[in-house]
Amino acid sequence: MNPTAIVPSPILLWRFKVFLFILWGLFCCKIGWDSVMRMSVDLRDLFLYEAFLYYNPLLLVTMMVWFWGINLWVFSQSNVNHAKIFELDQNHLTHREIWKCATWMTIVVPTSMTAYLYLYSHGEVSLAASQPVLLYVAVVMILVFPFEIFYLSSRYFLLRTLWRIVFPLQAITFADFFVADILTSMSKVFSDLERSVCRMIHRQVATIAWFEADSVCGSHSVAIPVVLVLPYLFRLFQCLRQYKDTGEKATLLNALKYSTAVPVIFLSALKYHVFPDRWTNFYRPLWLLSSVLNSSYSFYWDVKRDWDLSTFTRIFKFNRPHFFSHLLYGRKWVYIWVLGSNLILRCTWTYKLSAHLRHNYLTVFTITALEIFRRFQWIFFRVENEWNKMNSKTNIQITSNLPTEEDKLLNSSNHNV
């Protein structure tokens, strides 16, 4: 008799993994909470503030990766060929592989944060300070690892796209400005990354430098608005490059949209570098005016240019019957929700861009997460709009290549007069 191997069902394995994942999450929450409660009441808020400074950028990136996996899943269920739109090769990552990466990120980042909280609260300051440093080094090593592991082709595509965004010396592709648009929604992430790396370089991790707002890595540093504005400048230069290549005036109007974010960022930063009366009477009204202009212009461009409101809900028309397709496809509430949430979150996003409003780190973290959610919604309709444009161009080319009746008569050799 040949013994039959007993293999657990995939559903059972999936449930067991989910159980371990939830158990691990509860364990980290318990350890983290106990560690915070060990701190004195006076230092507790500052302690959490610094922990959030180091880990909230990677937590938000993890959230974006989860959302991108959902985007890819919807594309795979509908008729949108995202691989063709982004000019990806056959080895591009599927939504399952994206979710696998997001799962590991969800495990590693909170684990490192829990270790930081635990070690610092128990007096192991040097070991605690090493936790975010080791995590950042590991992320960089994985991204640049030059061997055929960890999805080399996809990592290379991402790094090449980032290089093309920073140095737009070539024709701009859809992937270039698509990723650059996502980077504008993550400008707060880059600002916190800069402050975190700055503190690591100057050996200020887990030190009293928390209190020094005017230090080289403090909350009043001039590097903060500079880093915040960089994604918008990258996108602005892309628009200028597109105008040089195509001559379309719409690209100049798009460049103007990104330029409106510059005064919002720098006028806000001036609060820490001018007299209070000067800020209240002159710079704050200018900041409010520029904030309204930026939010209004950005919302108009989303609705008028980036989306096609006549067909944008077709993205949820799946190839096979599905609950989410039934819930979302052709529903009027989808229009109302997307337009309303996009307008509100466009306005609240100004809060994040304004340095003088970023005292409550939990509020800023929530608003940044909501902006990433807004971008997640935006991706569906922007990609579908591009797919519709590609199909329209293909249909026009096919129609123009078809012979007319006159061509058929002229080319016919079997006609009689």
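Every residue gets a Cβ built from N, Cα and C, even glycine.
Those TrEMBL annotations? Automatic predictions, nothing curated.
TrEMBL lists 215-414 with the feature domain 'EXS'.
Marked as transmembrane segment by TrEMBL: 12-33 (among others).
Annotated transmembrane segment per TrEMBL: 53-75 (among others), in sequence order.
Sequence-remote contacts of a segment are chain residues at least 6 beyond its ends whose Cβ falls under 8 Å from one of its Cβ atoms, and for the transmembrane segment (101-121) they are 21, 24-25, 28, 31-32, 35-36, 38-39, 47, 51, 54-55, 58-59, 61-62, 65-66, 69, 93, 127-128, 131-132, 134-135, 138, 151, 206. Here TrEMBL flags 101-121 (among others) as transmembrane segment.
Only residues 6 or more beyond the boundaries of the transmembrane segment (133-153), in the same chain, are considered here, and those with a CB under 8 A from a CB of the stretch are 58, 89, 91-93, 97, 101, 108-109, 112, 159, 196-197, 200, 205. Residues or ranges marked as transmembrane segment by TrEMBL: 133-153 (among others).
For the transmembrane segment (12-33), the residues of the chain that approach it from at least six positions outside its boundaries are 103, 107, 110-111, 113-114, 117-118, judged by C-beta separation under 8 angstroms. On the 0 to 100 pLDDT scale, the model's mean across the domain 'EXS' (215-414) is 80.
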